[in-house]
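Under the heading domain 'TGS', TrEMBL lists 1-61. What TrEMBL lists as domain 'Aminoacyl-transfer RNA synthetases class-II family profile' is 262-615. The feature Zn(2+) binding site is assigned by TrEMBL to CYS411, HIS462, HIS592. Among the features that TrEMBL reports, region 'Disordered' is placed at 717-740.
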Amino acid sequence: MVQIKLPDGSLKEFPEGVRPREIAEGIGRRLADAAVAAVADGTIVDLDRPLENGHDQPIELRLLTSKDREALDVLRHSTAHIMARAIMRLFPGAKLAFGPTTATGFYYDVVLAGRPLSEDDFPAIEAEMAAILKAAEPFERFSLPVDEARQFVDELGQSFKVEHINDELHKYGILSFYRQGEFVDLCRGPHIPHAGKVGAFKLMSIAGAYWKGRTDGPVLQRVYGTAYFDKKELDAFLAQVEEAKKRDHRRLGKDLNLFTISQLVGSGLILWMPKGAVVRGVLENFLKDELMKRGYQPVYTPHIGKVELYKTSGHYPYYKDSQFPVLRLLDDAAMTLLVGLEKDELDEPTQKLLLAKAGIPETMPQAKTGQEGQLAPAFTDSFFALDKASKIKYVEQLGVSEEYLLKPMNCPHHIQIFAAQPRSYRDLPVRLAEFGTVYRYEQSGELSGLTRVRGFTQDDAHLFCTVDQVREEFRATMELTQFVLGSLGLTDYKLRLSKHDPEDPKYAGAAGDTWRRAEDDIRSVLDEMKLPYEEAAGEAAFYGPKADFIIRDCIGRQWQLGTVQLDYVLPERFGLEYTGPDNQPHRPVMIHRAPFGSMERFMGILIEHFAGAFPLWLAPEQVRVLPISDKVADYSKRVLAELQAAGLRTSIDLRPEKIGAKIRDAQLEKIPVMLVVGAKEAEQTTVSYRDRIDGDRGAMPLDQAIAQLKAESEARTIRQTAPPAAIPAATEDTTEKHAY
Ligand SMILES: [Zn+2]
Ligand SMILES: [Zn+2]
């Protein structure tokens, strides 16, 4: 017998090998019909999977229906099988690789025998899939010993699966398959009971992919699709995809002349054009003003720092894989030697002298060989036995006097400012703020618009405080972040308490008590502020836990933005001190915080959030003067001058176009307000006020128009045309779930 424990806590006994489906039937017909899969002791299984008691405890069982997020993954992976089956029917000889689920659907990697697949084939594949859904055949699981399994997939002509068995799966001994009619696939499962459970599906796109991600391996075609239990959810998802395309910041950035990327400057390095620079500047000034009010002090620091600085902070090993290569500076004498060697100008005594001056030994010391990042071979001969090219390498390698990094983080620089003068407890908290640009070497394949870049500016600040001040300061930074995001209309967010993971070597050296105390501090602030949050182990920075704001934008997508981090580690590593009331040295605590995170990424998100139509206070051009004819050119120029004098960002359209065309162009450029000026307005010193959202507000005195514009801009009012309703089934789960 097996004991089954249900979510309501009840315990029941069943014969060995009982199936979740039978248990569901025992509870009720409706549940049995609605069930899609089950979770047995934390593992998702098919409804027909026999449950066996491998241990003495009861099996905890939960039945999944279409309402459960886990069930959607099972449905989508099953739809990947259905798509593969349709492709095999239409394109005999097609080879299949992997077919996992993604955050928004599924894909299957395939190679056709004759020609590549194209999106033009989608209607035929979708029609075949619809036929498979209609037949509603069951997914049947069976197992084979690994040798038979290998022979079986070989006979099916699935060479990728053979290779995968040989590479990885052979260790399992027994492998499972799923059969659906004529189609059989090597798969760990689980699956929905039958194809009829798929409510709605759609094939989305095709991309290239490498077999097992190996760039030297065969190129496959990755066919993306999505599936839902309910057609309404699919429709909402497709509407969201369309809306996201319209809002793509890469397209809008180009259309609205906000930013550009030049291959000559480099990939992932953003060039802000005047209009984008205005928006960014307004955001920065908004934040700077707010920081001054809240007791922050501005600082500026350089873009590079010595490697030793980052070794002390611990950033160096941690960010090593995502850093630009180290800048190595040669000692002056080594430089003279190098130039002389290149030109063949130096005799041996001079070389010897310069070596000595540069502190370079004539034979390579053992310790210097194989240094990190050094490409040169280990020289076994003495310098004077080497040929010219090797001598040059030798000097380049051993003549380095200083090594610099493009800064990956601003913290170590700010720490040096804190440490530059003696600090008393009366000075604390010290809050140092800087829009600091940092550099990370992202793989070129991962670069994308403003969201994945190689250089970005953090709206960074570091607070140094006493242990007693931690909670209050942490709370103040949380409130600042809420205020700043709220001012931009980003009010729909949740919080994540990112903790350390004792198993992860990244946190080695993190003293258990200190970490727990920091996590407790954050937890108590979040509780005190009554902010709902979830906890995530392994998401903390290497120096401390943090609270992350996860924002949902107006079309339902989630972004991680502002972050507030608590740090007991870096003050320790740098030996920071202040003098306490007891006249003794004490160690301060650090808070790292950035409400926007990165200016580049935040601007990308804002462009998409507002669909390029910035509210008046942020718009690069706030108001445009549109003269009806050149007879009113003089008056319209006076309007322009008065707008400028009032501090509004404005321009005038003096082209000999019809007023309708001028209005249309201003609309396309998403200018918030247009002031139309004709003969009557010139005579009465009025303007016709056209708002981007409300339309025509009629004629009004020029003074009144300017006062209205100033008031709306200063109040930082946010008015937006309503986007389509956010899709309910949006998910944050971005992990790929591989079934085998
Ligand atoms: Zn499968
Ligand atoms: Zn920091």
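Quick reminder: no glycine exception, Cβ is built from N, Cα and C everywhere.
TrEMBL does not curate its annotations; it predicts them automatically.
The structure, with features from TrEMBL marked on it.
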| residue | record | DSSP (3 states) |
| --- | --- | --- |
| CYS411 | Zn(2+) binding site | helix |
| HIS462 | Zn(2+) binding site | strand |
| HIS592 | Zn(2+) binding site | strand |
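Across the domain 'Aminoacyl-transfer RNA synthetases class-II family profile' (262-615), the model assigns an average pLDDT of 88. Other residues of the chain with a Cβ within 8 Å of the Cβ centroid of CYS411, HIS462, HIS592, the Zn(2+) site, are MET409, ASN410, HIS414, ILE415, ASP460, ALA461, GLN565, ASP567, LEU570, MET590, ILE591, ARG593. There are 26 other CB atoms within 10 A of the CB of HIS462 (Zn(2+) binding site), with all protein chains counted. Secondary structure of the domain 'TGS' (1-61), assigned with DSSP and counted as helix (H, G, I), strand (E, B) and coil, comes to 14 helix, 20 strand, 27 coil.
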